[in-house]
Amino acid sequence: MMYAPVEFSQTAYPRIEYQRRQQQFWDPIRLALFTLAIVAIVGITIGIVTHFVVEDDKSFYYLASFQVTSIKYRENYGIRSSREFIERSHQIERMMSRIFRRSSGVGRFIKSHVIKISPDEQGVNILIVLMFRYPSTDSAERIKKRIERTFYQSLKIKQLPLTISMPSFSLTPIDSKKMRNLLNSRCGIRMSSSNIPLPASSSTERIVQGRETAMEGEWPWQASLQLIGAGHQCGATLISNTWLLTAAHCFWKNRDPTKWIVTFGTTITPPLVKRSVGKIIIHEEYHRDTNENDIALAQLTTRVEFSNVVQRVCLPDSSMKLPPKTSVFVTGFGSIVDDGPTQNKLRQARVETIGSDVCNRKDVYDGLITPGMLCAGFMEGKIDACKGDSGGPLVYDNRDIWYIVGIVSWGQSCALPNKPGVYTRVTKYRDWIASKTGL
């Protein structure tokens, strides 16, 4: 049923006669004040619009160097994956954060990354990249003076954990390309497209309940290992511009490097970068029946160029230990259900490390977990690696530097209760990797 329109009659309403008001005029002073008020309101409005539209924030990058006299140089400072370099870098980066976050304004200081620690007669020299966000109308030189003033004031107060030589401090504005090149010299750093660091079955065949990757460059070390004519077989992890880390069982059926290709990017089709494989190295003591020593290396015929979307992960020091319930991430193109199809888009899942004592319980894996294996997932199941994820990375975020701690190896089905994923423990094979690659 439709509602009919309501009919109005002019005669239904009495006619109202309004008394005409006598015409009035404002005096000149009141008129002038009113005009000034309107102009002020318009001016404020234009200012606000200009602030948000014209003065968009822009990234500014600087390369700083200074001498620290309270630190004696150690040989391992020259090895970026060493515990000594990592710990000292974090100390310096925390110091820079305290200096600039308090004085640069909310959100102005973004991040710092130590690039190099080198020897000096008086201690050590530090080379570090500093990143800030300021209005685009600001100039790099003006911001540079602001940074220098803030740094010198902090040195005068003498409340820093390190003794820094004031005359040694130098600061140079750099462009985004130079900044990327410097950061690309470090491993395990993720960058967004706007050049801001991003603040997280036992066969070849194995992320259930994960999600699709949010953006290119979120997991830039992830690779797809593909058998020519058969497509995606396994995941792999970029650890240098020519070497990838993967699982030995991925090559069980075919060890001929000429039959394999490697692609990078968040999709298998189309790939972002494609490379041929020149060499395959399988651990000499790999045992397929027990899954022990399930680790292999693949060398590319042509090196890859590091960028925001293709980057190497850090190899951990052999002494790195992760306690149970440490948050880690597994990524891959594997199926999302047991025996399901490979996914074209890269997926990720957050899982937790599980102690070997728990994993070796009779109701879990009943003693099958060896020192070279690492369990991760949840005892209640639901989130896990699966078919097609094998060989891919399990990574750990240590203060925005990412380390590969596991390689997807085996498990009983996918995401079952009391059957977490089992990974090759990378720290156990750190010396083996170094002996084969020099890394």
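For all residues, glycine too, the Cβ spot is worked out from N, Cα and C.
Features of the protein shown, as given by Swiss-Prot:
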type	residues	note
DISULFID	Cys234-Cys250	disulfide bond
DISULFID	Cys359-Cys375	disulfide bond
DISULFID	Cys386-Cys414	disulfide bond
DOMAIN	58-176	domain 'SEA'
DOMAIN	207-438	domain 'Peptidase S1'
TOPO_DOM	1-33	topological domain 'Cytoplasmic'
TOPO_DOM	55-439	topological domain 'Extracellular'
TRANSMEM	34-54	transmembrane segment
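Considering only the disulfide-bonded residues Cys359, Cys375, Cys386, Cys414, the residue whose Cα is spatially closest to the Cα of Cys234 (disulfide bond) is Cys386. Of the listed disulfide-bonded residues, namely Cys250, Cys359, Cys375, Cys386, the sparsest CB environment within 10 A is found at Cys359. The Cβ of Cys414 (disulfide bond) has 28 other Cβ atoms within 10 Å, all protein chains considered. You'll find the Cα of Cys414 (disulfide bond) roughly 15 Å from the Cα of Cys359 (disulfide bond). Across the topological domain 'Extracellular' (55-439), the prediction's mean pLDDT works out to 90. Taking the Cα of Cys250 (disulfide bond) as the reference point, the closest of the disulfide-bonded residues Cys359, Cys375, Cys386 is Cys386. Mapped onto DSSP helix, strand and coil, the domain 'SEA' (58-176) counts 45 helix, 42 strand, 32 coil. Cys386 (disulfide bond) and Cys359 (disulfide bond) have their C-alpha atoms 18 Å apart, to the nearest angstrom.
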